[in-house]
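Asker: The following feature annotations were taken from Swiss-Prot:
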type: BINDING; residues: 8-15, 21-22, Arg60, 87-90, Lys98, 114-115, 183-184; note: substrate binding site
type: ACT_SITE; residues: His9; note: active site, tele-phosphohistidine intermediate
type: ACT_SITE; residues: Glu87; note: active site, proton donor/acceptor
type: SITE; residues: His182; note: site 'Transition state stabilizer'
Amino acid sequence: MYKLVLVRHGQSTWNLENRFTGWTDVDLTPLGETEAREGARLIAAAGLTFDECHTSVLKRAIRTLNIIQEELDLLWLPVHRHWRLNERHYGALQGLNKKEMSEKYGEEQVFIWRRSFDTPPPALTADDPRHPAHDRRYASLTARQMPLCESLKDTVARVLPYWHETLAPAIQAGRRLLVAAHGNSLRALVMHLDGMSPDEVTGLNIPTGLPLVYELDSNLTPLRRAYLGDAEAAEAKARAVAEQAKAGTTERP
């Protein structure tokens, strides 16, 4: 039996401000740092350890991973950073407030942009300063690999090659992996592992900072998955993610 641990980055500054973040490289809040430390505490209490770590090229995920490593005295572990684990690219919505967009366009439209499987948000234009071509961390990508926006379907298509070519072979070689990534790149992995339909994944919300542990058989079929820590707390944090775009609600601190 293999184990795989997934963790979404701790609260970021734009999570706090309730903005669409996507590939924008924002940092953790003090609460986000605390969430990462608490995630490390839960991992230690469960007796889990790792052989290597994987994350995106965005600092909120990288710093979450680094905090967890430091708390576990595992800063020496190899870390693989890859753009395929980045958050879903929210196109022209990046930087905009979710609640304000709900008030302007309606909650239903914003829900479709956030949670539908195959409907992308409005795209960036090629000359937009937010385009990945203006960021040297993506200098090795082809024009086709640089998104102007992404649906969840597009995000799944981006993430799965990293699963098949990197993560799955490492797990089957007996490596114990910790993956620190983002809400939608992790939704893509969970959808694949659990065989979820597009309708099922629409209702899936990944809470910040809580380690999700998979037990996998020799074919990497899940035998069990569960968040570490209190189940009710995990459900409450997942519900908070779902509430972010509602016009009549306020984002949690």
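Heads up, the Cβ atoms here are built off N, Cα and C, so glycines get one too.
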Asker: Tell me the Cβ neighbour count for His182 (site 'Transition state stabilizer'), meaning other Cβ atoms within 10 Å of its Cβ, over all protein chains shown.
Answerer: 28
Asker: Within 10 Å of Glu87 (active site, proton donor/acceptor) (Cα-Cα), which of the recorded positions Gln11, Trp14, Lys98, His182?
Answerer: His182
Asker: How many Å lie between the Cα of Gly22 (substrate binding site) and the Cα of His9 (active site, tele-phosphohistidine intermediate)?
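Answerer: Per the Cα atoms, Gly22 (substrate binding site) and His9 (active site, tele-phosphohistidine intermediate) stand 13 Å apart.
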Asker: Would you mind checking how many other C-beta atoms are within 10 angstroms of the C-beta on the residue listed as 'active site, tele-phosphohistidine intermediate'?
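Answerer: By my count, 30.
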Asker: Under 8 Å between C-beta atoms and at least six apart in sequence, can you list the same-chain neighbours of Arg88 (substrate binding site), or say none if there are none?
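Answerer: Gly22, Glu150, Ser151, Leu152, Asp154, Thr155, His182, Gly183, Asn184, Ser185 - these are the non-local Cβ neighbours of Arg88 (substrate binding site), listed in sequence order.
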Asker: For the binding-site residues listed here, Arg8, Lys98, which shows the highest count of neighbouring CB atoms within 10 A?
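Answerer: Answer by Cβ density within 10 Å: Arg8.
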Asker: Measure from the Cβ of Gly22 (substrate binding site) and count the other Cβ atoms within 10 Å, all protein chains considered.
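Answerer: Result for Gly22 (substrate binding site): 25 other Cβ atoms within 10 Å.
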